[in-house]
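Worksheet: one structure, shown below.
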Amino acid sequence: MIDSKQKIAVLGAGSWGTALAALVARHAYPTILWGRDVGVIQSIDIQRQNFRYLPSIMLPQTLRATTDLAAAVSGADWVLVAVPSYAFTETLRRLAPLLSTGVGVAWATKGFEPGSGRFLHEVAREILGGDAPLAVVTGPSFAKEVTLGLPTAVTVHGEYARFTQMVANAMHGPMFRAYTGNDVIGAELGGAMKNVLAVAIGVADGMQLGMNARAGLITRGLNEMLRLSAVIGARPETLMGLAGLGDLVLTCTGDLSRNRRLGFALGRGQSLSDAIREIGQVVESVQTSDEVMRQAEQHGVELPISEAVRAVLREEITPYAGMKALLAREQKPEYLDILFKANSSL
């Protein structure tokens, strides 16, 4: 049931933040969107469009926008953060002193903290303190399709069931399904790794390696998610759901995926700098590939596809050499016997 008195502040006026703010505003929640770009905020507040990130899509009249963070979160019942991973820590540090006691924070950011490789829930808990209700929103969702009202399903994971359900309720509607769970680690892992794996599938498509190669890479990429999840305390069923498999399939096959487009350009022989410049928005995989491999190396888990992507994005090897190395790997069983067993290590 919708609580019409519930005020929501959405932080981040990029494509995803705008899409989520428009979604909850259409569900009759008083919603204010915060962003740094004055031009973007003015276009939303006056013309009802985000001309930079979601051009030609009209936004609801009830959605307000501001560049004043304090004004955005004042009186908010909860906050939804939708900034790139590189801005996550800074945004929370600015947010923390402005929050009233008991105000929950959810985020739709995907990735790890750059530099440290920490999960975002670890960053949030450290900055916001031990009592703040926290949740992560993830799953297969292109911002443009959400804003157009096309059918979408996501999942919200958190340790506080009441807050998790509150976030899901605000998003859930006739064309947008929001499921719930309590595996924050698994939800964050899937959302981060799929960006890295999408680069590999994009490279294969750019090199015209065929649909068989695409399917094989997606499946083996899912295997890498499961291998890492087994040693960090995540549950395999989370990775087999919307947070893992669902997001992986969308990001690896959808032409709206920036990470897939990056890989496709590299597979066609374009330079990394030119490909990023043409995309024109943040491509999370460039940073996240380092953090995924940091996690893998810390836990002694082999992730050959992710490792190859990191090497390509560091420009240590060519995309062709990366694919050749993957195909030359020794034959082995498809799954380790302990992969789906609880409390096991790889």
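Cβ coordinates come from backbone N, Cα and C, glycine included.
Note that the structure is a prediction, hence the values are computed from the model and not measured.
The annotation NADPH binding site is assigned in Swiss-Prot to S15, W16, R36, K110, A143, R258, V282, E284 on the grounds of sequence analysis. Note on S15 (NADPH binding site): other Cβ atoms within 10 Å of its Cβ, all shown chains, come to 22.
In sequence order, T152, V154, D247, L250 constitute the residues six or more apart from S141 (sn-glycerol 3-phosphate binding site) in its chain with CB-CB distances below 8 Å. Annotation comment: Swiss-Prot describes K110, G139, S141, K194, D247, S257, R258, N259 as sn-glycerol 3-phosphate binding site, evidence class sequence analysis.
Its own atom aside, the Cβ of K194 (sn-glycerol 3-phosphate binding site) has 32 Cβ atoms within 10 angstroms in the protein chains shown. The annotation active site, proton acceptor is assigned in Swiss-Prot to K194 on the grounds of sequence analysis.
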- Item | Pairwise CA distance, N259 (sn-glycerol 3-phosphate binding site) versus S15 (NADPH binding site), rounded so that it is a whole Å | 15
- Message: Please report the distance from the Cα of R258 (NADPH binding site) to the Cα of K194 (sn-glycerol 3-phosphate binding site), rounded to the nearest angstrom.
- Response: 12
- Starting from the Cβ of D247 (sn-glycerol 3-phosphate binding site), draw a 10 Å sphere and report how many other Cβ atoms land inside it. 29
- Query: Cα of W16 (NADPH binding site) to Cα of S257 (sn-glycerol 3-phosphate binding site): how many Å, rounded?
  - Reply: 12
